[in-house]
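What Swiss-Prot says about this one:
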type     : residues                                                             : note
ACT_SITE : His176                                                               : active site, proton donor
ACT_SITE : Glu307                                                               : active site, proton acceptor
BINDING  : Asn81, Arg82, His107, His176, Ser177, Tyr178, Asp243, Gln279, Glu307 : beta-D-galactose binding site
MOD_RES  : Ser124                                                               : phosphoserine
Amino acid sequence: MVSVTRAVFGDLPLGAGTVEKFQLQSDQLRVDIISWGCTITALEVKDRQGRASDVVLGFDELEGYLQKQPYFGAVVGRVANRIAKGTFTLDGKEYKLAINNGPNSLHGGVKGFDKVLWTPRVLSNGVEFSRVSPDGEEGYPGELKVWVMYTLDGGELVVNYRAQASQTTPVNLTNHSYFNLAGQGSPNIYDHEVTIEADAFLPVDEVLIPTGEIASVQGTAFDLRKPVELGKHLQEFHVNGFDHNFCLKGSKEKRFCARVHHAGSGRVLEVYTTQPGVQFYTGNFLDGTLKGKSGAGYPKHSGFCLETQSWPDAVNQPHFPPVLLKPGEEYDHTTWFKFSVA
């Protein structure tokens, strides 16, 4: 059984609307999601002793989510990740997007899907959010109807994304939750054991745009096919952290993507997805200045993201899996976050 409760989370400034919070609860998980950015604000998971802790980074109040912050828990779009120089050409026409990450456009632009109010609909086992992204929003062509559905099933949180376009446009939707399986507010993720089911990754240039090469993980820091303890692994390979797309094996059906185990608590997160890639990000840009839930500071490497996605900058790299959605087609992807103890 899943219970769904609805409450006011806060009011937007200047009478711009009321943000609601939806609490989904099963016998194993409790998830809070708000209608601002379809944002996961809390996710309580039991450890091997049966004690529940909140394992996602975020804020207690709406104000936290309205300030400049690194997409904690939000759905990002119209195109997640980076588009080089914020431009792409479609049917001979060049489109210019908002530049908001060095020379590039990141996560949909200045006012992406994470910074808008969505319309909620309560389901028996979850909540569905919808919105219409108008033609030209953040520079993207065509109107885009979008639905994001969160449902609970025991220890599994399922996120389904659907979209329909009035004209051809790139679409790439993901959730940007930062996890710490020791509990949010824990100082780092070095004691997490990580596995990612990928034989290849995308090397990036100095502004984190893929170079176009699809590189084998063999013999590199990116070989996470067997479990590695993150802290030791980063030290051993002298890397500052990960912020890279891993190219997932398998077909467009549900595929295993990643597993993270925190030995101290016993908590395990397994991720499955229909998407062709996952951005593994280790919170390299967190610096402890934002005050999170219960006053927690979030320093570098205090959370990790597994952003299931199409490959970054695919709209400019024709040999990457396609990201264009045409009128009459439906974008439809699902990601499963499965929690357990071991």
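Sequential numbering from 1, following the chain as shown.
Cβ from N, Cα, C; glycine included.
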Could you check which of the recorded positions His107, His176, Asp243 is the closest Cα neighbour of Glu307 (active site, proton acceptor)?
His176
Quick one: largest C-alpha distance among Asn81, Arg82, His107, His176, Ser177, Tyr178, Asp243, Gln279, Glu307, binding beta-D-galactose per the record, in angstrom?
18
List every residue in the same chain as Asn81 (beta-D-galactose binding site), at least 6 positions away in sequence, whose Cβ is under 8 Å from its Cβ.
Leu106, His107, Asn172, Thr174, Asn245, Gln279, Glu307, Gln309, Pro312, Asp313
Neighbourhood of the residue listed as 'active site, proton donor', C-beta criterion under 8 angstroms, separation at least six:
Pro70, Tyr71, Phe72, Gly73, Ala74, Val75, Val76, Ala80, His107, Asp114, Cys305, Glu307
Suppose we draw a 10 Å sphere around the Cβ of His107 (beta-D-galactose binding site). How many other Cβ atoms does it contain, all chains included?
27
Going by a 10 angstroms cut-off between Cβ atoms, which of the recorded positions Asp243, Glu307 has the sparsest surroundings?
Asp243
Sparsest-packed of the listed recorded positions (Ser124, Ser177) - C-beta count within 10 angstroms:
Ser124
What Cα-Cα separation, expressed in whole Å, is found between the residue listed as 'phosphoserine' and Ser177 (beta-D-galactose binding site)?
24
